[in-house]
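Single-structure report; data block below.
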Amino acid sequence: MMSSEWIDKKIREEDINSFEYDEFINLEKVGEGAFGIVNRADWKSGKIKIALKILTNNSAINEINNENRKSNMEKFIKELKILRKVGFHPNINQFYGITKDPKSNNYVMVLQYANQGNLREYLKINFKSLQWNDKIRMASEIACGLKYLHSTKIIHRDLHAKNILVHNSTLMIADLGLAKELTVEGSSNSVVYGMPAYVEPQCYKYSDYVRDEKSDIYSLGVLLWELTSGYPPFSRNLAHRDTALAYKIANGHREEPIINTPKVYVNLYQRCWDDDPNLRPSVNEVFHILEEQYNTIPKILEDVIKIDNDKNNLVLNDQNNLKLSHLRNPLGEPPSFFTPRIYENERESIINATTEIVNAYLKRNKIGWTKEFSFPKILEKHKSNAEKIFGNLINNQTIRQYEVMVGYFYEDGFGINKNEIVAFEWYKKAKNLNGNFELGYCYNYGYSIKKNLKEALKLYKQASDEGLNIATYFLAANYEFDNEGNKFNEAFKLYKKSAEKGFIPSQYKLATFYEQGKGTQQNKIEALKWYKLFLENDGVYSATYNIKDGELEKNLPSIRSIINDIEREITHNDLDEIIKAYLTYNKTGDNHSFSKVLENYESKSREIFKCLNSNQTIRNYEAMVGKFYEKGFGTDKNINKAFKYYETNKNNLNCTFEAGCCYYNGYGVVKNYDKAFEFFQRAVNDSKEELNIALYHLASCYKSDDGIRKKNETNQQLLRIHQVKAFELYKKSAENGFIPSQHELAECYKNGIGTQKNNEEALKWGKKHKENQINLPKES
């Protein structure tokens, strides 16, 4: 299979990440080697700087007759294979994937960008400011990366200061172009491609010598010395004289120890560059000795530890809270022995687990927690792979909310030793809304720093203003439980803001505020709405995260019982409103309002009817049951039942009137005007309380002679008597505020019905009726 085909195959199989070339902008050349050029670029999607390693002279990769191009491409492929096998490690330059320049047709490696250059450059600039603990840490990090390579049966074969990169003060082994798997046979060629000062003597003595792990140990020894000197080996007397230098090295010439270097450290690098490979220590032993050296750093380092990263300074004077292991890296990036190897067959599951955790964190900050979902549950789910997940996270800075998640892992102790101080620093570095929330939380509860409520509220507000629901919730909670003054109004507004944006715990809090009238007017309907939504969203109020509700929650009734209580109360209030509208209709003739209120509550009619039946002591109970049967409100329409309720409850004024209407219209009984007149008259005469609607209907009977005329009475006599009676009844009910009677009274004055014509009175009552602007009810 040709090299290009191998790359294409791996991309198709998703064994290598592939990126579109136009994802990378602002390319700038930062280095050049024998087989390629390295450009710095901005990654648009990842929003970080990356390094692009471009293979030169490969535009005609299919022309295998060109040995030069073929050789370069083979080396490119070999490095790709090595990078795939290595995977990720904090002390090895991270391989992200591959892209292809569409103009030149060149393949391009996408690598982690080291923002402080290579070790040679770094020492030139920073050596004078380095303390001994820095140098030991740096030595330990190089050894740690090499330890990992050797554990995967890979030898580097070209270790030197320019192949060690520095990113945020962490050292990473890079440029695996000459690296080789130990299972592959081959000759050295090490002098040709290596830097002579770092190449072991055997390569100069024996032309067929094949490098192995001990070759890397020799180079490591030279690097250990260079860390103590700050300048390249042999640069002061034999610079650029490779032949002479090779001869010297082959004959045992080595650099002299730097003054004041600890004896143990000198002995270590001298053993590493021993002429006899068999006497050189393994990388495991080197790493172990360096770790021991690191842990014996003089006590003076514990007095004041200054952490500096990207100009974010933290001075820590409380040594009880600081573990020495975290001095190795200012932001707590883990020493590599904490990062277990991730094998190819588990890589995808670890990446997926990391993604699930990040998504769960963001989901918690957006919607809160429910019976089925909580962020701690997701962490617990992946606890068995915590260290590998942390390793994946710490080495992939393109992961969403990278700094915040690293900080959270430190705070929680997920995959790394718990350290709230380091977590705090990562949150500071994040400089985004989630980082601000976590910092606010630290200040709120005194995690890694002295409690400072003012600073906590400031940070919560910043995150809230940027739209982070959980920050809005915590800000509201602090206002709710403020001990210095009543801030319920502010708490209510914030709970409402986050509840409306889908934060489930805020929906519960908003419901309680509406129910109790805290920070707003009491509104049981709104309370019911938010309780129901909280319940529908599977809300649970157990994960309160220290919001002073632990004791309160023990005594909380179930949400369902709260909802039931409020529903009963609201239904009772709805029934009261309907009864009030009915009585208002009977008093004023405003039939439109009564019909409207029935229409408004149609969707709840069955609950209201049930409430009515369970409360028989309600005033006008019988009249309302009959009315509900008559209208089919909350039950099947049944005018026969309605009539029975009206007719049998003669002590109720409204029932008596309604029975008269049934007789008049033939509802539930045979039409009978005489009976209708009798019941209307009884509704008017049998009570001290005047029922306007009964007065109106009785007046209408007199006006039309319905159920009134007796035998042997002449029409003329009756007409005059009935008209006067109708006028009197209309006048009485009109003066009592019955609006339809006001219209009838105006007509009586206008036409001289039952009274003398009186245009002034006619105009007066006509105007009064018009001002009330009501539709006349249908006459019975």
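Cβ coordinates come from backbone N, Cα and C, glycine included.
Keep in mind that TrEMBL annotations are predicted by a computer and have not been checked by a curator.
Keep in mind it's a predicted model, so treat the numbers as computed, not measured.
According to TrEMBL, the ATP binding site annotation covers Lys53. The domain 'Protein kinase' annotation in TrEMBL covers 24-297.
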Same-chain residues at least 6 apart in sequence with Cβ under 8 Å of the Cβ of Lys53 (ATP binding site), in sequence order, are Gly36, Ile37, Val38, Val108, Met109, Leu111
Lys53 (ATP binding site) -> DSSP, reduced to three states, gives strand
Rounded mean pLDDT within the domain 'Protein kinase' (24-297) lands at 83
